[in-house]
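What TrEMBL records for this protein:
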- GLN102, PHE103, ILE104, ASP156: (6R)-10-formyltetrahydrofolate binding site (BINDING)
- HIS120: active site, proton donor (ACT_SITE)
- ASP156: site 'Essential for catalytic activity' (SITE)
- 331-408: domain 'Carrier' (DOMAIN)
- 593-595, 619-622, 652-657, 672-673, LYS779, 826-828: NADP(+) binding site (BINDING)
- GLU695: active site (ACT_SITE)
- GLU695: active site, proton acceptor (ACT_SITE)
- CYS729: active site, proton donor (ACT_SITE)
Amino acid sequence: MFCLLSLQHYYQNKLKLAIIGQSQFGQEVYSSLRKQGHRVVGVFTVPDKDGKADPLAVVAEKDGTPVFKFPRWRVKGKPIPEVVEAYKAVGAELNVMPFCSQFIPMNIIDNPRHGSIIYHPSILPLHRGASAINWTLIQGDRKAGFTVFWADDGLDTGPILLQRECAVEPNDTVDTLYNRFLFPEGIKAMVESVQLIADGKAPRVPQTEEGASYEGIQKKSNSKVNLAQPAEAIHNWIRGHDKVPGAWTVIGGQSVTVYGSSMLGGSVPTGQPLEIDGASQPGLVTNNGLVLYGTDGKALLVRSLQFEDGKMIHASKYFSSGDSASVELTDDEKKMEEEIRNIWKGILSNVLVIEDTTDFFKSGAASMDVVRLVEEVKQKCEGVQLQNEDVYMASTFQDFIQMFVRKLRGEDQEEELVVDSYENKMIINIATKEVNNMTVKMPHQCFINGKFEDAENGKTYETINPTDGSVICKVSYASLGDVDRAVAAAKEAYDNGPWGRMNPRDRGSLLYKLADLMEEHQEELATIESIDSGAVYTLALKTHVGMSIQTFRYFAGWCDKIQGKTIPINQARPNRNLTFTRKEPLGVCAIVIPWNYPLMMLAWKSAACLAAGNTLVLKPAQVTPLTALKFAELSVKAGIPRGVVNILPGSGGMVGQRLSDHPDIRKLGFTGSTPIGKQIMKSCALSNLKKVSLELGGKSPLIIFSDCDMDKAVRMGMSSVYFNKGENCIAAGRLFVEESIHDEFISRVVEEIKKMKIGDPLDRSTDHGPQNHKAHLDKLLEYCDVGVKEGATLVCGGRQVDRQGYFMEPTLFTDVEDHMFLAKEESFGPIMVVSKFPDGDVDGVLRRANDTEYGLASGVFTRDINKAMYVSERLDAGTVFVNTYNKTDVASPFGGFKQSGFGKDLGEDALMEYLKTKAVTVEY
């Protein structure tokens, strides 16, 4: 009866909706509301433009939802009767208006019994009007946000239903604000608002006129930059107008529109002076763009310029913009030119002939068309790395082809990558590789004190692609002297640099920015991870890189929430006492990470370390150094001060040992094998008794009872072993399957193994990539040989795949007895080890599962919640999965028991690993 009543309540509290609006935002709101069980009875959107339907219309028509495309709702101020009649016929109970550019008559607004709700991208009553996001930036607001309000007959004046807000970052643009917060959170808020209305809980808070403002739509004619004001005001004006309508100034007698503004801190790079009308002093054309000065002497950097004829250039090219000669096309390039001309024709369907002078934007193309052009050209011409900005820079067909051919020939390939931060300028020697339909740029030197530099002794080593055994590039091989210099840089940054004095909230902002940059480069990071470690690209994108981004965002949020306690103590009468605790950073921390999740392990440890206010020296695994070095590059772009992050590729035995012994390091975090963990712990104790956290080996048991959901147990059992090619610290090292279902389970696992596609990790359909490196593959093959010799049954696999690279067949052993090597030792590979246990013997299988020196993770599958709780309480492991596996989250602590180590990654517990507690008692 309870379930029936709950179901009835679910359907009762859903509404019949009319969606009135347009755009991708409107489409996402529409789809999300349908998923929540609301019924959309009609979509009212704008007519097709140049034969293309609005995204909202496209999805709604595909779903079979009635779609109406009225050019207007009224004529001469009066509603059009046929339009009103068509609207009323759908019988909506609520109008939802996520983004609407049309004027909707009041008899439509008020018609549904619940009225109408509208999304507005400002914190009303501030910035009423159609350019709210722009004015949030122009006015220099510290907070942005949005409002969902009840529509009335005023202009954005209706009662407020719901509001959300976020901080405005120093270099936010309209696009970054929208994409980071206003778009994703706005969709959730619209759905939440509709449900509040459905449940009868929606508030109607009247808007106050105090602090209210209305700003009109900015036009080109009134968007000229006033350069006679402080730099921040100039920056706000430019970013508030980027990209429409575009802020402009006068240079050399003509109007020039400026884009891509960011504040400069520290020293200004050298450049060539440029006179600009109305400026307090000449600008500077530098390698990074055009520097403008405010009346306060502070500077900002503009990256792009657009001239009156529509031509757009990088600001650094101002004095050389007319110097590049046209390139003559080869026969093959001419064929590509025609293919690209057809792509332009497909997008610009309203243009009869694509001529050399055809301008992409003057022909009606919009921002979504830019994305389509870039992706179609990349798909057609594999290996060419195009960015959306390239289209803006070369908007005519002829310019686009010239730019494309130069990229195709590699004529514009950078030999050095110049990165500016608020504190320093860094030049990086990079290795480039055309792979996965992109150009990946990989730093390959030691990163010490904010600079990439060769190892002190000049030594290098080769890092290998496990897919084919080829050399990716040569990487610096750090020496003991490099370790000492890195530790000294980290100590100086902690003791005397800005990091230690920084407001915690500002530190959090930098970590948020770092996460944003990782997200911006996520495809490049995932590609590097894939070629360097063998991770399947789709997994690298979602887990290796995706969870790394989540981790930095999670700990960025902790920066200003680290706090101590006030403690009541016995008073020293007649005086009084106040006792409180402070949580303080430890100082210089060393982090040594493994090769199975190179970037994610970096993130799990370094994000908590940095959030706590420490500085760090990180040693990546020798065989997978490249994403760590790319991370170092991004840390500079994010503005992390020099010396805070230091990365040392090279030998674990030499670099890791020196970090363990170093007297200036106060904490060492290590993930790796148990024998190495023991050696590190010993060295840390003998040197200066430094704090240690260790995540070591595992032999995680997974118990599958006969009352499990068999489909789920097979699927999750496969994942528990073969996820990330078995190179997974919490992989189920031994499965215990209840006897009555053992044979069926094995049979179904074998069928699933046969379906697995082994191959190139960059192929999106690949399930199983190569093992990380040759020595590890050899160890796995030896592991299988031992299992066969001891009498375990090799059901399938156990061999190297007959192809180039370090590929191993997914392997399955059964009849594994408790005394065998396979039952006791971790393989760290795609090897499923299965033992059966008698039906009903819960305590017996628990004894066997716990009969190991490891205690990292464990799992149980059963439909019996009492049994699940009983088993989970008695499994001696740091993590217990019930009816799932591999489900980790940035907010949940992760770490092991026994010889799997101690200390935690992730969650609040991880933060405490990088803090010390100081007690302060005051007498007054």
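Cβ coordinates are placed from backbone N, Cα and C, and glycine is handled just like the others.
Feature map: annotations from TrEMBL on the structure.
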residue : record                                      : Cβ contacts under 8 Å, 6 or more apart
PHE103  : (6R)-10-formyltetrahydrofolate binding site : ARG72, TRP73, ARG74
ILE104  : (6R)-10-formyltetrahydrofolate binding site : ILE20, TRP73, ASN95, MET97, SER116, ALA151
HIS120  : active site, proton donor                   : ARG128, ALA132, PHE146, THR147, VAL148, PHE149, ASP156
LYS619  : NADP(+) binding site                        : ALA590, ILE591, VAL592, ILE593, ILE647, LEU648, PRO649, GLY650, GLY652, VAL655, GLY656, LEU659
GLN622  : NADP(+) binding site                        : TYR461, TRP595, PRO649, GLY650, SER651, GLY652
MET654  : NADP(+) binding site                        : ALA478, SER479, LEU480
GLN657  : NADP(+) binding site                        : GLN679, SER683
CYS729  : active site, proton donor                   : PRO594, ASN596, THR671, GLU695, GLY697, GLY698, LEU856
LYS779  : NADP(+) binding site                        : GLY829
PHE828  : NADP(+) binding site                        : ASN596, GLY726, GLU727, ASN728, ALA731, HIS776, LEU780
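Residue density at the residue listed as 'active site': 28 other Cβ atoms are found within 10 A of its Cβ, drawing on all protein chains shown. Residue counts for the domain 'Carrier' (331-408) by DSSP state, with H, G and I taken as helix and E and B as strand, are 49 helix, 2 strand, 27 coil. What surrounds the (6R)-10-formyltetrahydrofolate site, by Cβ distance within 8 Å of the Cβ centroid and not counting GLN102, PHE103, ILE104, ASP156, is the set MET97, CYS100, SER101 from the same chain.
Neighbour density for ASP156 ((6R)-10-formyltetrahydrofolate binding site): within 10 A of its CB lie 21 other CB atoms from the protein chains shown.
Residue pairs drawn from GLN102, PHE103, ILE104, ASP156, the listed (6R)-10-formyltetrahydrofolate binders, are separated by up to 14 Å at the Cα level. Taking the Cβ of GLN102 ((6R)-10-formyltetrahydrofolate binding site) as reference, residues of its chain lying under 8 Å away and at least six apart in sequence are, in sequence order, ILE20, VAL46, PHE70, ARG72, TRP73.
Averaged across the domain 'Carrier' (331-408), pLDDT in this predicted model comes to 81.
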